[in-house]
Amino acid sequence: GTSRQIPQTIIIGVRKGGTRALLEMLDIHPNIVVAATEVHFFDWDENYVKGIDWYRNLMPFSYGNQITIEKTPGYFTSPQAPGRIHDMNSSIKLLLILRDPTERVISDYTQVYYNRIESHKPVQLFEDIVIKNGVLNTKYKAIQRSLYDVHMEKWLKHFSLDQIHIVDGNTLIKDPLPELQKVERFLNLPSRIMSSNFYFNQTKGFYCIRSDGRERCLHESKGRPHPLVNSTVLEQLYSYFREHNAKFYRMVNHSFDWH
C-alpha cells in the first residue's frame, strides 16, 4: 500500500542553518517520511533536465497519510529553484531554517576548512578570506548566502508568506521541541513529537534523538568547534548584516535575536 510521492513539503535551506537537524528531528513523526540524501533537483540544471519522474524515484516509499519531505539547502539561494518548485506545485509548503547570519558565515567557513584539511588542500584563515585590503569581502560566497532578504525576495515572488514557515535554527539547537511543534501545526499534523524524544549529549554539546527505542546523534561533522574570530572582524560582519536583517524582518513580519 505504499508508493513514492513527490514531496508535499521541502526544506529549502539555509546551508549551515540546521537543515539536517531539522530533517532528522521531523523524521521522528510517524506521518513524515524523509528523503535520505540532498537531491539538488531544482537548483542543478543537470538534475532538473532528468524530469519529475527521476525526482519522484529518489523519494522514499510512503503511505497515503504520510507527508514526504526532502531537504536541499542550496534551494534557498538558487535563482531558479523558486519558479521551478512553483511550477511543480504552487500550493506546496516550504520550511526555511535560519540562524544568525554571522554565525552562519563562520559555520560555512568551518565546514569548508575541515573538508580542505581532510582532502590535504591548503587552508586560509577566516580573517584572510573575509577581509580584503582592509575592507569586508562582500563577494565571499558565505557572506552572499547570509543575505536572507535578497534571497527571500525571490521566493516571495512565487509563494505567499503563509506557505513558508521559518524555523529559528538558533532555538532549535538549544530547545528543539517548541520549534518542532510549530512545524507540526504548520503542516497540519497531529502532535506526536515529545520532549522524551530528545536528550542532551554533554560530550557533543547538543541534543540527540531518541525514537523507536534507539538513540542517535547527528554526524560527527555537525557541531564542530568554530574558530575564534577577531572581534573587529566580527563587528564588521554584524554591521554589514544589520540593514539586511532589518529588511528581512520587515519582509516576514517577524524579528529574530540576531546581532
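Each Cβ is built from the backbone N, Cα and C atoms, and glycine gets one as well.
If you look up TrEMBL, you'll see 7-244 marked as domain 'Sulfotransferase'.
Around Lys16 (3'-phosphoadenylyl sulfate binding site), a 10 Å sphere centred on its CB holds 23 further CB atoms from the protein chains shown. Look at TrEMBL and you will find Lys16, Gly17, Gly18, Thr19, Arg20, Arg99, Ser107, Tyr207, Lys222, Gly223, Arg224, Pro225, His226 tagged as 3'-phosphoadenylyl sulfate binding site.
What TrEMBL records for Lys16 is active site, for sulfotransferase activity.
Annotation comment: TrEMBL describes Cys208-Cys217 as disulfide bond. Packing around Cys208 (disulfide bond) is summarised by its Cβ count: 16 other Cβ atoms lie within 10 angstroms of its Cβ, all protein chains included.
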Rounded Cα-Cα span from Cys208 (disulfide bond) to Gly18 (3'-phosphoadenylyl sulfate binding site), Å: 13
Per-region confidence, the domain 'Sulfotransferase' (7-244) (mean pLDDT, whole number): 95
